[in-house]
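Here's the structure we're looking at; comments come further down.
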Amino acid sequence: MLKTLDEVLPKYINADAAVGAFNLALFPDTKVLIEAAEEMNAPVILQISPVVAEFMGYDYWGMIAGEMARRSTAEVVLHLDHANMVEPIWKALDAGFSSVMFDGSQLPFEDNVRITNEVVKRAERYGASVEAEIGSVAYLGRDSHKDQLTDPKEAAAFAEASGCGCLAVSVGTTHMMRTQTANIQYDLLESIQNEVKVPLVIHGSTGLPDSQLVKMRGYHVCKVNIGTALRVAFDKGLRAELEERPNDYIYIDLLKRPLEDEKQVVRKKMELLGF
Ligand code: G3H
Ligand code: ZN
């Protein structure tokens, strides 16, 4: 079933679970994620960045991943991740994505509200959901992207004024970590959830220790973004396969192991998140 974030997330505000949102790189990742969701009896959010969407084509993501979602027994959201301009969002909506993120985290508050609101109004016409970000989750090794913890009052004002369906907040994670050594600031997360009504989203969750992924279930965190862990598992599996079979060149065979390794990571994260 193809769903929006607004249809899937709210029921997890008070449930002992949170939904995994996983970043895709190529079409085969769609199969991995949907199979994992069906096996684990979990909903899943397929996240596609503007760079990835452009590489294969927005329309083809809409047709292929969208159709796979519609045919699945699991609840599947087809979501554009981290668009910091509106053009990729308009393309994703036209292509049939059920959800988009406008990332105005690097903009002044007023500009972030104004553009998020414009996106919300346009997405409404497509029946799509909108995620926005306040505060800023940094990227490891990218100094140009500011790192700023979310202010609870500002988050509440932002959610109210922008009309976003769910809100990404910065409470201690960093994107693209390869070790699970990040630390959630629980006092801050609690203050935010006391002020903000909409479901909360945690980015950069590859960096969270397993115990903290489990703990997310007890907060109003409904969407947990994980990307790097999948890429690392795939990369390791592919390198091992190439080393073991240096003369093979049929890449559909070479891809089986890395894709299976990626699926096992997804299944484990889903389990930690309560499925
Ligand atoms: O939006 C995507 C995520 O925040 C993924 O972050 O690659 O650090 O897990 P990660
Ligand atoms: Zn992110």
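Glycine is treated like the rest: Cβ placed from N, Cα and C.
Note that the coordinates shown come from a computational prediction; the quantities given were computed from them, not determined experimentally.
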Annotated companion of H82, H203 at the Zn(2+) 1 site, TrEMBL, chosen from H175, H220:
H175
CB neighbours of H203 (Zn(2+) 1 binding site) within 10 A?
30
Spatially, and counting Cα to Cα, which of the binding-site residues is closest to D81 (active site, proton donor)? Options: D103, E133, H175, H203.
D103
Which state, by DSSP, holds E133 (Zn(2+) 2 binding site): helix, strand or coil?
strand
